[in-house]
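Everything on this sheet refers to the single structure shown next.
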Ligand SMILES: NC(=O)C1=CN([C@@H]2O[C@H](COP(=O)(O)OP(=O)(O)OC[C@H]3O[C@@H](n4cnc5c(N)ncnc54)[C@H](O)[C@@H]3O)[C@@H](O)[C@H]2O)C=CC1
Ligand SMILES: CC(=O)[C@](C)(O)C(=O)O
Ligand SMILES: [Mg+2]
Ligand SMILES: [Mg+2]
């Protein structure tokens, strides 16, 4: 374990240098890793483990699209692809990668197969932290831990294929065998993580739910919408409003932030932009701080998890969700974005040229 300095604070990080793949293979050599669910994280984690030489099987409902996808991806029915219950029975490590809501439904079945010494693996702290809402309380004689890749399962797979690795958090909730630490770190490496950051279940889920509702998804859409609305109401065209709100950010400025930080992006903009951005960022911070405090409170009191569970358990939720996504997609801002994207030189012909 390396102690690294993060802005003056020391934290424990596991690196691939100290825990190479060969060590992970060694730790997992007598395990059967059963990946339950083949949605977004399932394929990424299962395929990376397969390519890393881990004994991995997939558990998925037969006659489903994702069963067919698993077959297409190289999992063989009866050998490495099974109905969920059979995979649960065969697995010594159960990677519980159903959606958080579906985990509640299937829990009684999973619990039945968690015999002494097995391990229960999550990619989120949700089910355990909010166990009063989810009912997920594992037996005492199994290991319980998580590896949460900090990004989409799609990126996890893509980055693995490029020889890179996505950073993940890991946490141990229960160490029944005395081997939870080596098991979880080995799995973290096997699923394709770059670095593994130590956390606990509660911190993982609180930060994850805050982040996706906040700057990663919710807040950014909110800020985009507000600026776009002001520009449009002051007579700017949709293309101008979109370019100055989204396109320039994603295409030009955020890649600079990703590469070398915000100060470096600022330093590469005009002195005019720098002056204004330095003056205004604190106003935006102060204006949004109360909202972020409300958000964290809503996560910590279990309101957000309850809302997610309640929504996801409605039979017509998929349709309702699609209607909300459609509203976003069909908003003027994102429709303008569609045309702006089509004008990127690499996207050749404009999608819609008005005669
Ligand atoms: N989507 C992502 O990239 C990320 C997800 N996670 C976590 O990973 C876990 C898995 O999430 P996703 O891959 O997004 O899940 P998902 O929403 O893609 O669903 C996974 C699987 O659950 C199956 N499923 C749904 N309802 C079912 C039911 N009632 N019975 C049996 N199977 C059912 C689906 O067929 C699918 O194969 C969650 O804990 C999530 O929070 C963590 C980081 C990122
Ligand atoms: C991709 C990820 O880590 C998220 C945004 O938290 C999620 O999909 O839940
Ligand atoms: Mg999340
Ligand atoms: Mg996340």
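Backbone N, Cα and C define each Cβ position, glycine as well.
Automatic, uncurated: that is what TrEMBL annotation is.
Taken verbatim from TrEMBL:
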BINDING   208, 212  Mg(2+) 1 binding site
BINDING   208, 244, 248  Mg(2+) 2 binding site
BINDING   270  substrate binding site
DOMAIN    9-199  domain 'KARI N-terminal Rossmann'
DOMAIN    200-347  domain 'KARI C-terminal knotted'
Enumerate same-chain residues with a sequence separation of six or more from residue 208 (Mg(2+) 1 binding site) and a Cβ-Cβ distance below 8 A; give 'none' if the list is empty.
124, 125, 148
Between residue 244 (Mg(2+) 2 binding site) and the residue listed as 'substrate binding site', how many Å separate their Cα atoms?
15
Which residue counts does DSSP give the domain 'KARI C-terminal knotted' (200-347) for helix, strand and coil?
125 helix, 0 strand, 23 coil
Do you know which of the binding-site residues 208, 244, 248, 270 end up with C-beta under 6 Å from ligand 4?
208
Quick one: Cα separation, residue 248 (Mg(2+) 2 binding site) versus residue 270 (substrate binding site), in Å?
14
Less than 6 Å between Cβ and the nearest atom of ligand 2 is the rule; apply it to the binding-site residues 244, 248, 270.
none
Distance-selected binding-site residues near ligand 3 (C-beta under 6 Å), from 208, 244, 248, 270:
208
Rounded to a whole angstrom, what is the C-alpha distance between the residue listed as 'substrate binding site' and residue 212 (Mg(2+) 1 binding site)?
31
Please list residues from the chain of residue 212 (Mg(2+) 1 binding site) whose Cβ is under 8 angstroms from its Cβ, counting only those at least six apart in sequence.
218
